[in-house]
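A quick write-up on the structure given underneath.
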There are 2 protein chains.
Amino acid sequence: MTFSNELHVAVVGATGAVGTRMIQTLEESNFPLTKLSLLSSARSAGKKVLFRGQELTVEIATPDKFEGVHIALFSAGGGVSKELAPEAVKRGAIVVDNTSAFRMDEGVPLVVPEVNEKDLLTHQGIIANPNCSTIQMVVALEPIRRAYGLKKVIVSTYQAVSGSGAAAIDELNKQTRNIIAGEEVTPEVLPVKGDKKHYQIVGNAIPQIDKFEDNGFTFEEMKMINETKKIMHLPDLHVAATCVRLPVETGHSESVYFETDQSDVTSAAIKDLLAASPGIILEDNPSEQLYPMPINCVGKNEVFVGRVRKDLDNNEGFHMWVVSDNLLKGAAWNSVQIASSLLKLGLVK
Amino acid sequence: MTFSNELHVAVVGATGAVGTRMIQTLEESNFPLTKLSLLSSARSAGKKVLFRGQELTVEIATPDKFEGVHIALFSAGGGVSKELAPEAVKRGAIVVDNTSAFRMDEGVPLVVPEVNEKDLLTHQGIIANPNCSTIQMVVALEPIRRAYGLKKVIVSTYQAVSGSGAAAIDELNKQTRNIIAGEEVTPEVLPVKGDKKHYQIVGNAIPQIDKFEDNGFTFEEMKMINETKKIMHLPDLHVAATCVRLPVETGHSESVYFETDQSDVTSAAIKDLLAASPGIILEDNPSEQLYPMPINCVGKNEVFVGRVRKDLDNNEGFHMWVVSDNLLKGAAWNSVQIASSLLKLGLVK
């Protein structure tokens, strides 16, 4: 490692659904930091957080707070990132940004360490953490691309409310209590906090995550499409996505159809490959009813893959079911992995 | 109509999740029956049911109960159908069977009236009602097939627990109460009552509906694949399915990708076509966040379609979101529609 003995890390959005996981993950992974700054909006400033036995106070995120910071992990919404990430970079920090603010910008590496860690070498201060639903999918697809090529992906997602933040988790829990008590439900957050209409999530499946684009796809679907091409360096890959929100607190699931370049690949070969690939746990044994489920992935860093089977009509086609904790591999853990990669590659000075 | 003045209908499985909807649907649709027999297992026999202001008593389903019955609607599980449907036919009844017992048998029409009503003309006593998830999909696909041809379908489902019967509904509700009360959850029904393992459905998405086949697909998935080909008379259609159970009480949703034979079809043309097709309500206006959701389809007979959009890479490819009440169009309403078609076609004597 080339950084000095000091390693100062800042977490921006420290009290949010992802920020709290970032702090936990930094602690649990023994990340070699020597100082941790917890930053937030004025509303959450002053809160106390225990980290490695020390009580830290959350401070208001202002430009000067990034003086001396080596790595700043941002997860406080796109607006905050747009305003403060350049300020952090100006003061010498490397920003790992968990929002969509810079992901598609040229010169901003969009990184999933299992897939494209080397892209970090070209960073210009800001590194983007991809969308949660994209990350778990590319972790599962990358070993397949390397071994057999990849030409087409069609994904339908089953996404947890925590992907929409702490307010959405509160809404799911409140609605559940309301319904059990026979009370009226007043949706205020989902599907998209800033959109016009809100719908009940309990007992429902909402085919809208983030706002709609002019082409009829949602922004979440376009994120999956565009980010996958960028991360995998496959600008011509055919990718289509349908993103759906479910009454699940944490853990995104994905029904993924993909086509390889090679024909005559067997599903057994795909399973062996996935089982041996970094960051993946294969859970695939139909006779034992073993397959990934969101309820089992919570709190785990890995991407769980199962239900791998060959398409019945297309010799190059396969189906699989991919599940991961959207707050960990989909956000906090991937950000901390990026930070670790930055250290490993000698990029933190 | 060629039947005599008397029309005697029997409902087998009269106290189940589908059976109760069949009775409701017969009443609400003013089905021209003159006598209704309600049949069930010994366990439910003796229950009273109000029908058109009259109290009817549920009786044990035995072969002699079908004497004089013109149409028998079965929904009491495959075992009961296999045993009693031939007995009903022997006594002159036409059986509309809602189980999978006879669906793929040659000589048994598998009918969705909007799609293949004419197949009823060749019946030999038993007519099969397709699987719930198949019905709503073919209603949406058939107008597209007629106008533009259809060569490929890839579907991922979001299925409600009521598709697995009344015990699964009870389980969803009981688990919700348990979790709110901080009590332990003991899954006993889902994903498949007769399978070895049971998993919590609340806060989860279970990628198993019905038992696994040797090819890695579940029986539910193979039902969707094989039934779609049979109903649409497209033995060479490429169909693939991934079926997933959700914590939703009623209302199946489906993310459907399909490819037409013709290129240069627009999504506007597909939407116009669907809006004008029988049994379909188009709910598709992204700028108003209008799309189908299970919570809105409950108690309605139609199939709701939205999120229609052209694939970004394939000029023949489209995506859509299809939602329907699995107990109505997916089961009870489709069965009663078949019975009405039988009358209309003069097949009840």
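Cβ atoms here come from the backbone N, Cα and C positions, even for glycine.
The active site, acyl-thioester intermediate annotation in TrEMBL covers B:Cys132. What TrEMBL records for B:His252 is active site, proton acceptor. The feature NADP(+) binding site is assigned by TrEMBL to B:Thr15, B:Gly16, B:Ala17, B:Val18, B:Arg43, B:Ser44, B:Ser162, B:Gly163, B:Asn326. Taken from TrEMBL, the feature phosphate binding site applies to B:Arg103. According to TrEMBL, the feature substrate binding site maps to B:Gln159, B:Arg245. TrEMBL lists B:8-123 with the feature domain 'Semialdehyde dehydrogenase NAD-binding'.
The structure, with features from TrEMBL marked on it.
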| residue | record | DSSP (3 states) |
| --- | --- | --- |
| B:Thr15 | NADP(+) binding site | coil |
| B:Arg43 | NADP(+) binding site | coil |
| B:Arg103 | phosphate binding site | coil |
| B:Cys132 | active site, acyl-thioester intermediate | helix |
| B:Gln159 | substrate binding site | strand |
| B:Arg245 | substrate binding site | strand |
| B:His252 | active site, proton acceptor | strand |
| B:Asn326 | NADP(+) binding site | coil |
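Taking the Cβ of B:Ala17 (NADP(+) binding site) as reference, residues of its chain lying under 8 Å away and at least six apart in sequence are, in sequence order, B:Ser162, B:Gly165, B:Ala166, B:Ile169, B:Leu327. Whole-number maximum of the Cα to Cα distances across the NADP(+)-binding residues B:Thr15, B:Gly16, B:Ala17, B:Val18, B:Arg43, B:Ser44, B:Ser162, B:Gly163, B:Asn326: 25 angstrom. Of all the recorded positions listed here (B:Arg43, B:Arg103, B:Arg245, B:His252), it is B:Arg43 whose C-beta has the fewest other C-beta atoms within 10 angstroms.
All chains included, 28 other C-beta atoms sit within 10 angstroms of the C-beta of B:Cys132 (active site, acyl-thioester intermediate). In this structure, the CA atom of B:Arg245 (substrate binding site) is 13 Å away from the CA atom of B:Asn326 (NADP(+) binding site). In sequence order, B:Cys132, B:Ser133, B:Ile209, B:Cys243, B:Val244, B:Arg245, B:Leu246, B:Val248, B:His252, B:Ser253, B:Asn326 constitute the residues six or more apart from B:Gln159 (substrate binding site) in its chain with CB-CB distances below 8 Å. The binding-site residues in question are B:Thr15, B:Ser162, B:Asn326, and the one with the fewest Cβ neighbours inside 10 Å is B:Thr15. Note: the Cα of B:Thr15 (NADP(+) binding site) and the Cα of the residue listed as 'phosphate binding site' are spaced 23 Å from each other. Sorting the domain 'Semialdehyde dehydrogenase NAD-binding' (B:8-123) by DSSP state (H, G, I as helix; E, B as strand; all else coil) yields 39 helix, 30 strand, 47 coil. Counting only the Cα atoms, the space from the residue listed as 'phosphate binding site' to B:Arg43 (NADP(+) binding site) is about 27 angstrom.
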